[in-house]
Amino acid sequence: MKKGVLLNSSISSVIARLGHTDKITIADAGLPIPSSVERIDLALTQGIPDFMSVLQTITHEMQVEAVMLAIEIKNINPLLFSEITRYLHLLEQQQKKPIEIIYVTHEEFKTQLPDNKAVIRTGECSPYANIVLFSGVTF
């Protein structure tokens, strides 16, 4: 049995194949996922699993160079926005490398989804609970 934090074999496989600047998205339950992108559906019911648990687990395995958020999250979901930015600051310290935060409109966010290696759907049901993770390098 795998000893690491991340046990999901599909997500582990995607992370293992990522190259520098490749992207994966962690999505809320409502984000439209293009059929051309690998969809890893973790959603069991509303709120399970929640967005932050999935983000924290994935970033235990993945080096993150940058993230993309919909600008709307700042005003429409400020509690989650604050939790995400606090966590990213902690992750920067753990990785000993900065993480750039890129803001786009929600419509722009959706247009870049076909370029992702995978979209991981959570059970999160709060607005704009979506993040693109850009793969970094560990050296």
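Quick reminder: no glycine exception, Cβ is built from N, Cα and C everywhere.
Sequence annotations record features per position, and here Swiss-Prot assigns active site, proton donor to H20 based on sequence analysis. Summarising the annotation, Swiss-Prot assigns substrate binding site to D28, H106, Y128, A129, N130.
Long-range Cβ proximity for the residue listed as 'active site, proton donor', meaning a same-chain Cβ under 8 A and a gap of 6 or more residues, is found for E65, S135, G136, V137. Counting only residues at least six positions away in the same chain, the Cβ atoms of D28, L69, A70, E72, I73, I76, N77, L80, H106 sit under 8 Å from the Cβ of Y128 (substrate binding site). The Cβ centroid of D28, H106, Y128, A129, N130 marks the substrate site; residues of that chain outside this set whose Cβ lies within 8 Å of it are A27, G30, L31, A70, E72, I73, N77, F109, E124, S126, P127, given in sequence order.
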